[in-house]
Ligand SMILES: C[S@@+](CC[C@H](N)C(=O)[O-])C[C@H]1O[C@@H](n2cnc3c(N)ncnc32)[C@H](O)[C@@H]1O
């Protein structure tokens, strides 16, 4: 244990040039009398400390034993006494949704590597949230390649074993029928009201601090597919831009599937720093939150954390 290993570092004995312990060294005068005075105040202090450390060796051993015993008992308690580990969190009834969510990774060459890394984290977060969701969606990553794939290969080799996700090098338009596609984009004049379980909702895999404003809207129009923005304005007031990070959009959809309420989904998912304020029926602010940049990469390594909790 870290604690023990730190403590077991006994105070170092001071040595003289011949390698003898200075603590036991006494200067001997010509008539053979020990001259204790030769030890400086600092050396005497060190010697005392060392003696104390030696004297307490047994006590420390005993304490370690007790702590070990306590941990063993605690483990037995947690396992219900029969060695069978049980889940502290009751397993919820998971019903997968038929709704498809696509993260469109075709903007790779528009991003600097630091933003690609942020996107990578956001995708990890989407994956982890979907794995623990009550109604997990059919998750697709399309156009995977370039810097993002390189980052995944370098930083998280485990992605090749990800389950319940379709990872494609192809563009989403080659994977999903055009009429099923709805591009989610804050620039669309259409406001999403309901989710259609038969549709595939596309999120732009882009961390651009909105330098490429309107790019996903333009792409959706070029391709002639449906597009819509999240109904943020109808349910919350925000003191920051309504352009959200990929994982926030993804998590809002998951939360909506679970709660059936946009307002609850927004308030649950949007971080306190985002400045989201729930709007009451009468139009007043119900809940205040602070501001955050939408392209923030401040999420922890979500895959690991959430997988552990799942
Ligand atoms: C950081 S944004 C990228 C912004 C980018 N300039 C663009 O034109 O989409 C990441 C993605 O999240 C989705 N998104 C963000 N805010 C949204 C909103 N308010 N409504 C719908 N989708 C949104 C879009 O798919 C967007 O491409």
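Every residue gets a Cβ built from N, Cα and C, even glycine.
According to TrEMBL, the active site, proton acceptor annotation covers 208.
Per TrEMBL, the feature compositional bias 'Polar residues' maps to 11-40.
Taken from TrEMBL, the feature compositional bias 'Basic residues' covers 60-73.
If you look up TrEMBL, you'll see 289-304 marked as compositional bias 'Acidic residues'.
Sequence annotations record features per position, and here TrEMBL assigns domain 'SAM-dependent MTase TRM10-type' to 87-277.
TrEMBL lists 1-95 (among others) with the feature region 'Disordered'.
For 277-310 (among others), the entry in TrEMBL reads region 'Disordered'.
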Cβ atoms near residue 208 (active site, proton acceptor) (within 10 Å, other residues, all chains): 17
Coarse DSSP state, helix versus strand versus coil, of residue 208 (active site, proton acceptor): coil
